[in-house]
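Copied over from Swiss-Prot, here are the features:
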- 1-21: transmembrane segment (TRANSMEM)
- 43-63: transmembrane segment (TRANSMEM)
- 83-103: transmembrane segment (TRANSMEM)
- 114-134: transmembrane segment (TRANSMEM)
- 144-164: transmembrane segment (TRANSMEM)
- 186-206: transmembrane segment (TRANSMEM)
- 219-239: transmembrane segment (TRANSMEM)
- 245-265: transmembrane segment (TRANSMEM)
Amino acid sequence: MNIFQTIVLALVQGLSEFLPISSSAHLILVPELTNWTDQSLAFDVVVHMGTLSAVIFYYQAMIKCLFFDFYHSIIKRQTIGESKLAWGVLLGTIPVGLVGMIFRDSIATDLRSVEIIAYATLVFGVLLGFASWFSHRNKNQKSTISWVDIGFIGMAQTLALIPGTSRSGITITACMLVGLSRKLSIQFAFLLSIPVISLSLILILIDLYHQAQLVNVSLLAMGFVVAAISAYVTIVFFIKLIDAVGMMPFVIYRLTLGIFLFFFIL
């Protein structure tokens, strides 16, 4: 990888990780459309570390609160403050973690085609549009999350293992479908990203441990910085944009991309 490829792929990771457009799909598509070689495992590690750092930095105050209330809920064996939300993040991660580990090899080899990405981009784009429409018309949006909601959202998140689905997209979709407010939907979806990205990072590190690779430290450092900054800016921008215009710009983008990909594979 050269400097230009490093910047482009780190930007793709940082910009698409928290937008409902699928970072995994874009990281597959960019090398596919440009004939670049796949990025190294070491590069995957640093850009995931970058996006993880961004979301932790953005939600640092809330994360401290969640840890505090989670700890005291265990000690006192009762719900305290935001402890239910903390438990929700933990329990909502279990389904995708289990499915991801069980079907890891199949996902890595059988679900990376442009055709699958095209179908997932279109189908889950339409679903995101419906959920946004439903949420807009729902006059009784919930400001708290139930255990049933957590179970449904956690199961829905397993669909993010299909490239083109978008982890943030499917979790926000599920949140809106169960009636959560838009603010809580985005907040819960982004908090869920922390353990999920962490699990992905651990698995990549395990693979990297078993594969000796020569690395360019300066390019890796650049990838981390670009991914972290672009991810943080994206989080800030996305939250403000959603308040102003809703999800439709991303629905339109997904439908346009999906149609383009079908023309590409024909």
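Note: Cβ is positioned from N, Cα and C throughout, glycine not excepted.
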Problem - Non-local residues, at least 6 beyond the ends, that sit with Cβ under 8 Å of the transmembrane segment (219-239) - result: 1, 3, 6-7, 9-11, 13-15, 17-19, 42-43, 46-51, 53-55, 57-58, 186, 190
Fill in the blank from the handout: Ranked by Cβ pairs within a distance under 8 Å of the transmembrane segment (43-63), the first of 114-134, 144-164, 186-206, 245-265 is 186-206
Handout entry: Outside the transmembrane segment (144-164), six or more residues from its ends: residues with CB under 8 Å to it
Key = 22, 24-25, 28, 84-85, 87-88, 91-96, 99-100, 103, 107, 111-112, 116-121, 124, 170-171, 173-175, 177-178, 180, 184, 188, 192, 196
Problem - Proximity verdict for the transmembrane segment (83-103) and the transmembrane segment (245-265), three or more C-beta pairs under 8 Å - result: no
